[in-house]
Amino acid sequence: MTARAQRLLLSLPDRLPVALLCLGVAGLLAVLAGVFRPVVVLPLAVALVALTWRLVPEPPAGRGHAGALVALGALCAGWVALGLRSVAEYVVVNRDPGFLTLQALWLTRHPAAPIPVGAAAEVDVAVGPAAAGTEAFWLQDGLLHAQGNKMLPALLAVQGWWGGERAVLAGGLAIGVVALVAVFAVARRFAGPWWALVPTAALAACLPFLVLTRAAYTEPLTVAFLCGGLALAHGVWGRPADRLGVARHALVGAMTGAVAAARIDGAVVVVGLALGYLAAGASPLGGADRRAAGRRATAAVGAGAAMVALGMVDVVRLSPAYVREHAGQLGGLLAVAAVVLAVAAAVLVRVGWARPRRSRLRLALHAHRAGIGWALAAAVVAAAALLASRPLWWEGRFTDPASGFGYAVSVLQQAAGEAVDPARSYDERTLAWVSWYLGVPVVVLGAAGLALLARRAARWRDPAATLLVAVVGVAAVFPLVRVSITPDQVWAVRRLVPATFPGLLVAATVALTALAGGWGAARRGRGGASSPGGAPAPAASGVLVARRGAAVALGAVVAAFPLTTWGSVAGVVELSGRATQAHAVCDALDDLGVDRVVWTHSAPFRYLATLRVVCDVEVVELLEPPSAADLAAVRAAWGGGPVAALSFDATDYPWSEPPATSVGGTASQTLGRTLTGPPDSVDTVWSEVWIGMVEQDGTVRPAP
């Protein structure tokens, strides 16, 4: 292998997340413009990859990197093979994966995200009980607007161009591989190549990560962007300044800020980015160094802010009702982000372009940086202890007991044998959730690693460590303090997957390498980026051998513990059979020659969006069993032509004669929901679809 080919191979962990970013941005821009087609998206993505190619820093080199990369490839290949056996079938609106999958399926065949409802909009107006919109698909101006940001559906739809529906359903695995590679990329920068396999393996085996990558969840995508950005930041701060320095840091900001383009609450990551770059950009003592750092930091913060803006344009234009529904929460987060970004920009612009001045405060901080480092380390440990102790003295009570969320909490409490209190939000348990899935050693080692990184950031003015501590400190701690989600597992812990899980795993690996004596305090490179072997290795001794043995043993525990949570649930196909059921319904409608459908909601799911997207028919939904007069009015409002009536419950309709057969009967599985630990059971629900034709008088004739 030539040296150039070897460098390219070693750079793949840094380049794959950048390529994913380029494809995601290209897809999102095309969706916003209503031109989501291969001829637009793919050339634009290639152009963005070419534009950013030289901005990716040189990969770390040295003994062990190639071997670790081979091991990473084997790990990812085995992980994908395992995941392909358990791909979920979220073709129904059931929490986030349902509407994200349906939006992706729509984009596979259409250039724009909004879904026309056709003449169903007229029925919606004419017949009071009938609605052409549904849960997570709001009707506005004759179009259904799916909930949430569109970057993930666009990425899944790109895969659907090549592999159809199956590729859309399994597309999360491809994104999950990039997320694992990104975790490896940042960990190898801070801890070395072989140690980097520890957090990568732990996350790969983590039950929530398995679940989230087998369906259309945004969290794996945000892991790829967050960790990819931190890996780039380490690389660009650790290299000598050059004419591409500002652009390199802009790429760091765009990569990290892309979390906000993928998730509506991702602006919290950009707050951490701004604080980290503010500290790194304003700290150099020399005027020239400070100006250069200030300009690089300004570029990074500006690029991150641009990605926040892109994400907001996305949801405001393509999910306006969702924005209105969450305006209170979203407004508060964006207000804080705007203030932090404005202050950071003002300071960094002054640092980067104003005439340099001597600052007594900066000199004092520099003179006392060793003490400040210890103080920051102590603060990290104290914060971790405070979070861990909350169940002893506090209970989170942020759920509205009169809401549907409060009702869900009370049902979960009854099932768990706990006192019924629908106001409980269980925020005090968030750090315990981490220990359920990753183990107590990760929590302890993660806190120790963050303390080491905080001390290093201050003591050695290490900008890479500064940025990691700031981003993880904000983005990971934010959901630990207030999780803001229905507290059943594994649904609730997904809030911790984007930043808390990878942040603690990488920090724990730093602690392990420090224990093994391989994470020195000396700086390497102009940027002060941390590096394994940055300090001379201690002389071989019995103590050192014992430390290394302990580190290896703890590393094995960290990597293997997630396997203990698998039980019988790790291989469950969530919503198994739902795709087959949906296509059976579509085939039945085709046989009847019907393209207008009344759906009456009954357990377990709303089905309007499934029928509209998968079967490509016009649909209205009724939330209560209709009378014959209601159905007659629906048929008349649709012009009097053939209309089919569908439901999961045969008793919903006034049949002209009892229906004899149903369509698409399936026993569908989901993970059991629990409050007190990882799920250890599987729920199975039988459902079948009853189909009939609406007669002129509103009675329903069973389909032949």
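The backbone N, Cα and C atoms fix where each Cβ goes, and this holds for glycine too.
Caution: TrEMBL annotation is automatic and unverified by curators.
Per TrEMBL, these features apply:
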{"type": "TRANSMEM", "residues": "12-33", "note": "transmembrane segment"}
{"type": "TRANSMEM", "residues": "39-56", "note": "transmembrane segment"}
{"type": "TRANSMEM", "residues": "68-88", "note": "transmembrane segment"}
{"type": "TRANSMEM", "residues": "167-187", "note": "transmembrane segment"}
{"type": "TRANSMEM", "residues": "194-215", "note": "transmembrane segment"}
{"type": "TRANSMEM", "residues": "221-238", "note": "transmembrane segment"}
{"type": "TRANSMEM", "residues": "268-287", "note": "transmembrane segment"}
{"type": "TRANSMEM", "residues": "330-351", "note": "transmembrane segment"}
{"type": "TRANSMEM", "residues": "372-393", "note": "transmembrane segment"}
{"type": "TRANSMEM", "residues": "434-453", "note": "transmembrane segment"}
{"type": "TRANSMEM", "residues": "465-481", "note": "transmembrane segment"}
{"type": "TRANSMEM", "residues": "501-522", "note": "transmembrane segment"}
{"type": "REGION", "residues": "657-678", "note": "region 'Disordered'"}
{"type": "COMPBIAS", "residues": "663-673", "note": "compositional bias 'Polar residues'"}
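Scored on C-beta pairs under 8 angstroms, the neighbour of the transmembrane segment (12-33) with the top count among 167-187, 221-238, 268-287, 330-351, 434-453 is 221-238. Looking at which of 268-287, 330-351, 434-453 has the most CB pairs under 8 Å to the transmembrane segment (372-393), the answer is the stretch 434-453. When Cβ-Cβ distances below 8 Å are used as the criterion, the compositional bias 'Polar residues' (663-673) is approached by residues 211, 412, 415, 488-491, 569, 572-578, 580-582, 584-585, 588, 679-691 of the same chain, each at least six residues removed from its ends. Sorting the compositional bias 'Polar residues' (663-673) by DSSP state (H, G, I as helix; E, B as strand; all else coil) yields 0 helix, 9 strand, 2 coil. Between the transmembrane segment (221-238) and the transmembrane segment (465-481) there are 3 or more Cβ pairs closer than 8 Å, counting only residues 6 or more apart in sequence, so the two stretches are in contact. Listed as Cβ neighbours of the transmembrane segment (194-215) (distance under 8 Å, sequence separation of 6 or more from its ends, same chain) are residues 64, 67-68, 71-72, 75-76, 79, 83, 86-88, 90, 97, 101, 169-170, 172-173, 175-176, 179-180, 183-185, 187-188, 223, 437-438, 442, 490, 493-494, 497, 501-502, 505-506, 508-509, 512-513, 518, 532, 555, 558-563, 565-566, 569-570, 574, 671, 678-679. Within the chain, the transmembrane segment (268-287) has long-range Cβ neighbours (under 8 A, six or more residues past its boundaries) at 222, 226, 229, 237, 249, 253, 256-257, 259-260, 293-294, 296-298, 300-301, 304-305, 307-308, 333, 336-337, 340-341, 343-344, 347-348, 351-352, 356, 362-363, 365-366, 457, 461, 463, 466-475, 478, 498-499.
Only residues 6 or more beyond the boundaries of the transmembrane segment (330-351), in the same chain, are considered here, and those with a CB under 8 A from a CB of the stretch are 264-265, 267-268, 270-271, 274-275, 277-278, 281-282, 290-291, 293-294, 297-298, 301-302, 304-305, 308, 312, 323.
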